[in-house]
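Database features, via TrEMBL:
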BINDING   16, 17, 18, 31, 97  substrate binding site
DOMAIN    22-248  domain 'Radical SAM core'
BINDING   35, 39, 42  [4Fe-4S] cluster binding site
BINDING   41, 42, 43, 99, 148, 149, 150  S-adenosyl-L-methionine binding site
BINDING   44  Mg(2+) binding site
Ligand SMILES: C[S@@+](CC[C@H](N)C(=O)[O-])C[C@H]1O[C@@H](n2cnc3c(N)ncnc32)[C@H](O)[C@@H]1O
Ligand SMILES: Nc1nc2[nH]cc(C(=O)O)c2c(=O)[nH]1
Ligand code: SF4
Ligand SMILES: [Mg+2]
């Protein structure tokens, strides 16, 4: 399984769920590498975008040509080792995120099954961009999907960000909650269009302001909160950003 690197180890950390329906629940986050989208405002671009990365050199002989490996940004571990790291923490609400975790759906299915054998109290959430259907073997273990389909404000093209088969799956799934990232008031029209096109129940939609600092969130919340009230959408904040700013691994 390919995981984001944080310092010398993979990015597996304990924190309060900062977003969505279960905001505030003590959780363990497992951050996977790679993404099939490239949102301009992605707060974890280090999981997939290495264009400006100072690659680690793999050959430290002074005279040899220097070779840099972007793979060094990824840690690859088997599911038994990942499970062991996860269960060192206290929380049993486990959140698979990334990057786009459903790119590694089969590996996650094996991980979830293994974790449940070790501790049946484990509960699983998946953070996903809603472009990929989870394999049935993974779906069988997931209590909650936090689906964040991307709007045009993300900079992805319509064909990249909207995969009808996947979004229709989540629209029908009562365990899926939709979390749209809103950057401008006009984004609400796009939300409404997607909602109608895929028949997404309004009760499973949250609107979350775009932002990676408390100031940005507060500024956008000032107009987004009244719009939520006016249009009957649930407002979703970003608790971890208010608590820790844009710090990694919290
Ligand atoms: C980094 S993504 C990983 C999971 C998956 N790739 C996705 O996009 O849902 C986790 C969550 O952070 C949100 N997010 C990322 N950058 C953000 C930003 N600048 N402002 C608000 N939300 C952001 C995403 O929309 C998603 O809901
Ligand atoms: N505390 C905290 N809550 C989160 N909810 C979703 C996150 C994510 O990056 O997927 C996230 C995160 O990175 N930190
Ligand atoms: S889909 Fe998620 S991980 Fe991928 S670029 Fe967008 S916000 Fe980042
Ligand atoms: Mg995050």
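Cβ coordinates are placed from backbone N, Cα and C, and glycine is handled just like the others.
Contact annotation for binding-site residues (18, 31, 42) versus ligand 3: 42, each with CB under 6 Å from a ligand atom. Taking 16, 39, 44 as the binding-site residues under consideration, the smallest Cα distance to residue 150 (S-adenosyl-L-methionine binding site) is found for 39.
Residue 42 ([4Fe-4S] cluster binding site) has its Cα within 10 Å of the Cα of these binding-site residues: 99, taken from 31, 99, 148, 149. For ligand 2, the nearby binding-site residues are 17; that is, of 17, 35, 39, 41, 43, 99, these have a C-beta under 6 Å from one of its atoms. When the Cα positions of 41, 42, 43, 99, 148, 149, 150 are compared pair by pair, the longest gap among these S-adenosyl-L-methionine-binding residues is 15 Å.
Taking the Cα atom of each, residue 97 (substrate binding site) and the residue listed as 'Mg(2+) binding site' are about 10 angstrom apart. Highest Cβ count within 10 Å among the binding-site residues 39, 44, 97, 149, 150: 149. In this structure, the CA atom of residue 31 (substrate binding site) is 18 Å away from the CA atom of residue 41 (S-adenosyl-L-methionine binding site). Using a 10 Å Cα-Cα cut-off around residue 35 ([4Fe-4S] cluster binding site), the binding-site residues 17, 43, 99 reduce to 99. Nearest by CA distance to residue 149 (S-adenosyl-L-methionine binding site), out of the binding-site residues 17, 39, 44, is 39. Candidate binding-site residues: 16, 17, 18, 39, 44. Nearest to residue 148 (S-adenosyl-L-methionine binding site) by Cα distance: 39. Mapped onto three states, the DSSP output places residue 35 ([4Fe-4S] cluster binding site) in coil.
Among the binding-site residues 16, 17, 18, none has a Cα sitting within 10 Å of the Cα of residue 99 (S-adenosyl-L-methionine binding site).
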